[in-house]
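Shown next, in structure tokens, is the structure this report addresses.
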Amino acid sequence: MLLGVNIDHVATLRNARGGFEPDLLKAADICEENGGTSITTHLREDRRHIKDEDVCNLIKTIKTKLNLEMAIADDIQKIALEIKPHSICLVPEKRQEVTTEGGLDVAGQLDRVSEFIKPLLNAGIIVSLFIDPDEEQVKASAKTGAQFIEMHTGAYAGAFGSQNEEDEFLKLKDAAKLAQQLGLKVNAGHGLNYENVHRMHEIPGLYELNIGHSIISRAVFTGLAEAVHKMAELIK
Ligand code: PXP
């Protein structure tokens, strides 16, 4: 199983000061050097973390693959067609949300999704649809021409350790099986962390996990001691 590292929150931290620190390209490099098999970023319509120039710079410098998360939006589609990432993942997007809440409703807008991804597929970009682990959504996704789905693992992550964990986990397992039977490759992501990720191995054939928040959060603590120590040394 491969690991796509979502580095959006490195940009969130950088944007808090509006400068260049922490350097996004350096972050991508560290992810790649340590087992990340692709770099994922979400170019949101409000550009709250990743900016257009970040995507342009990443595509030039990363050594693995760029996976661009994007909404059904013409201006973002234009950028994707210009920079040609390895893959895009189509996600729903609401301006007020803190992070992507729920999967894309492919079944409810089958023609719109199919039409929107056509130019991207024609340009040789791999297309993935971020959907809830739901039979109707999986079946609709298989009709669009997309090669991948990414299953939203947020409900599983939220239920982890509770009575509902098994139900939410089985939804993922069943959806993955159905998708694979219909010829789709299957990724998963959202809310996966160091406690709940191990169960992804119980889902046969999962291709890639996209993980961001838990990795960047852990990095704060694994790096904080060294960072303080270094500064204390310097000012001594
Ligand atoms: N996959 C998709 C489609 C997402 O939108 C996100 C969040 O940006 C992730 C994976 C990663 O989720 P998390 O940051 O909770 O690991």
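Cβ coordinates are placed from backbone N, Cα and C, and glycine is handled just like the others.
What TrEMBL lists as 3-amino-2-oxopropyl phosphate binding site is Asn6, Arg17, Gly191, Gly212, His213. If you look up TrEMBL, you'll see Asp8, His9, Arg44, His49, Thr99 marked as 1-deoxy-D-xylulose 5-phosphate binding site. The feature active site, proton acceptor is assigned by TrEMBL to His42, Glu69. What TrEMBL lists as site 'Transition state stabilizer' is Glu150. If you look up TrEMBL, you'll see His190 marked as active site, proton donor.
Where TrEMBL records a feature, it is marked here on the structure.
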residue : record                                      : DSSP class
Asp8    : 1-deoxy-D-xylulose 5-phosphate binding site : helix
Arg17   : 3-amino-2-oxopropyl phosphate binding site  : helix
Arg44   : 1-deoxy-D-xylulose 5-phosphate binding site : coil
His49   : 1-deoxy-D-xylulose 5-phosphate binding site : coil
Glu69   : active site, proton acceptor                : strand
Glu150  : site 'Transition state stabilizer'          : strand
His190  : active site, proton donor                   : coil
Gly212  : 3-amino-2-oxopropyl phosphate binding site  : coil
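Taking a Cβ cut-off of under 6 Å from any atom of ligand 1, the recorded positions His9, Arg17, Arg44, Glu69, Gly212 reduce to Glu69, Gly212. Maximum intra-site Cα distance, 3-amino-2-oxopropyl phosphate binding residues Asn6, Arg17, Gly191, Gly212, His213: 26 Å.
If you measure from the Cα atom of Gly191 (3-amino-2-oxopropyl phosphate binding site) to that of His9 (1-deoxy-D-xylulose 5-phosphate binding site), you get 14 Å. Here His9 (1-deoxy-D-xylulose 5-phosphate binding site) comes close to His49, Gly212, His213, Ile216: these same-chain residues lie at least six apart in sequence, with C-beta atoms under 8 angstroms from its C-beta. Fewest Cβ neighbours within 10 Å among the recorded positions Arg17, His42, Arg44, His49, His190: this applies to Arg17. Across the structure, the residue listed as 'active site, proton donor' and Asn6 (3-amino-2-oxopropyl phosphate binding site) are spaced 10 Å apart at their Cα atoms. Per-site Cβ counts within 10 Å over the binding-site residues Gly191, Gly212 peak at Gly212. Here the Cβ of Glu150 (site 'Transition state stabilizer') has 30 other Cβ atoms within 10 Å, regardless of which shown protein chain they belong to. Of all the recorded positions in the record (Asn6, Arg17, Glu150), the one with the smallest CA separation from Arg44 (1-deoxy-D-xylulose 5-phosphate binding site) is Asn6. In this structure, Asp8 is the one among the recorded positions Asp8, Glu69 with the smallest number of other Cβ atoms inside 10 Å of its Cβ. Annotation: Glu69 are the recorded positions among Arg17, Glu69, Glu150 whose CA atoms are within 10 angstroms of the CA of His42 (active site, proton acceptor).
Rounded to the nearest whole angstrom, the C-alpha distance between Glu69 (active site, proton acceptor) and Asn6 (3-amino-2-oxopropyl phosphate binding site) is 10.
Within the same chain, residues at least six positions away from Asn6 (3-amino-2-oxopropyl phosphate binding site) with a Cβ under 8 Å of its Cβ are Thr40, Thr41, His42, Glu69, Gly189, Asn210, Ile211, Gly212, His213, Ile215.
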